[in-house]
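> Shown below is the structure under consideration.
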Amino acid sequence: MLEQGEDAFRKIFRLYRKRTSLPICPGWLEFRSESPESVAWLRTVELSVGSVSDQDAANVGLQPPRQWSAYHVDGYPGFLFISNPFLPGWQHHWVRQCLKLYPKKPNVCNLDLHMSLDNASDLWSSSQAQLRNKSPKRRSEKTLLEKLRWVTLGFHYNWDTKKYYREHQSPFPMDLAALSHCVSLACGFSSFKAEAGILNYYHMDSSLGIHVDESELDHSSPLLSFSFGQSSIFLLGGLSRDVAPTPMMMHSGDIMVMSGASRLLYHAVPRILRHPGGGDLPPCFSLPPSSDVSSPLIDPCSPSDWEVCKSYLQSSRINMTVRQVLEEGGSFPEEYDGHSKKVSQGDSYHSKEEMQDAEEQGLSKRLKSAE
Ligand code: SIN
């Protein structure tokens with residue numbers, strides 16, 4: 001039954017947000033099950049395997065595209081799920097980039113308004129010692145890295161105006177652009193340009209509210225989403241919140257592509273879950289970081305950096321979304337000018353989640369009192 005003022009999406013969101021045990025409903029999608037091919041509403045996808053060479057895939061830490069397991073879900077044309085196509089030992093690099101490199105200036109993050117530039121410019125340095133020595137038995141003050149909720153790359157998304165601006169831009173990381181190029185090409189999008197990134201950082205009690213990614217000026221290009229660390233429930237809905245969403249599990253290494261008729265669907269992440277299989281980290285991290293340096297793009301994750309990432313990931317999930325903002329050859333409309341220095345005051349994207357959990361409320365209070 002819907003409560004007054006509650007839409008079908010929110011009802012399911014609340015169900016998954018609150019439940020301590022997992023409600024496995026009909027229609028629930030677990031792409032890592034023994035035989036996802038046998039699920040009536042999943043279709044195996046033939047990727048455009050010839051368009052990406054094995055070497056180009058390996059250069060960004062991916063298996064040859066012919067070995068990827070990719071699925072369409074009935075009822076969601078344009079939505080594609082690729083079940084962890086990363087090479088063993090290579091997700092480590094992307095986790096390290098999300099924690100050590102991408103939060104650095106000139107990129108923008110949620111802590112910028114509350115920290116001195118020095119702190120904000122190197123969250124890693126100020127957090128690494130504490131994370132390395134973290135004991136699960138001792139409660140300790142959160143490190144800055146653990147307070148990180150989002151980072152923006154390329155054209156920086158403005159959370160207040162929900163727009164991107166020509167003047168508020170920094171160079172898009174080359175390695176992430178190459179990863180995105182490889183995935184989009186294999187999925188048949190030969191002209192995709194990685195122009196903006198939003199990285200989301202989750203802990204075990206975090207969630208991401210119901211939203212549509214519609215701020216990009218070109219919706220004909222796909223939105224790519226990469227997940228690392230602990231697992232999560234992803235809810236994929238319809239063009240209106242009155243459509244009940246389909247729940248699906250996302251595990252470390254999984255990639256989602258939202259394109260075509262699925263590009264503007266409502267979606268949300270109501271829950272982070274420990275990865276299945278026991279142990280602190282997903283099995284894909286059981287090998288040490290690969291030290292193969294043959295890639296011109298990737299600087300392998302050192303064992304010492306991995307110690308810090310490992311400690312962080314034991315109770316966290318990282319998601320990187322990559323978007324094309326402008327259509328090919330397009331530019332920003334005139335009314336988008338004059339916002340070059342506008343810095344987001346709030347984080348409406350995450351706070352769109354109307355049921356902020358205690359952890360987030362605690363954080364925002366602590367940050368406010370530090371102002
Ligand atoms: C998003 O919707 O922008 C991120 C989803 C996720 O964390 O998987």
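The backbone N, Cα and C atoms fix where each Cβ goes, glycine too.
It should be emphasised that the depicted structure is a prediction, and the values quoted were computed from it without experimental measurement.
TrEMBL feature annotations, pasted as is:
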BINDING   HIS211, ASP213, HIS267  Fe cation binding site
DOMAIN    193-326  domain 'Fe2OG dioxygenase'
REGION    329-371  region 'Disordered'
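Help me picture these features in the structure, burial and contacts included.
DSSP classifies HIS211 (Fe cation binding site) as strand under the three-state reduction.
Each residue of the domain 'Fe2OG dioxygenase' (193-326) gets a DSSP state, and the totals for helix, strand and coil are 17 helix, 49 strand, 68 coil.
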> Suppose the Fe cation site is HIS211, ASP213, HIS267. Which further residues of the same chain have a Cβ inside 8 angstroms of that site's Cβ centroid?
ILE210, VAL212, LEU265, TYR266, ALA268
> Report the member of HIS211, HIS267 (the binding-site residues) whose C-beta atom has the most other C-beta atoms within 10 angstroms.
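By the 10 Å Cβ neighbour count, HIS267 comes out on top.
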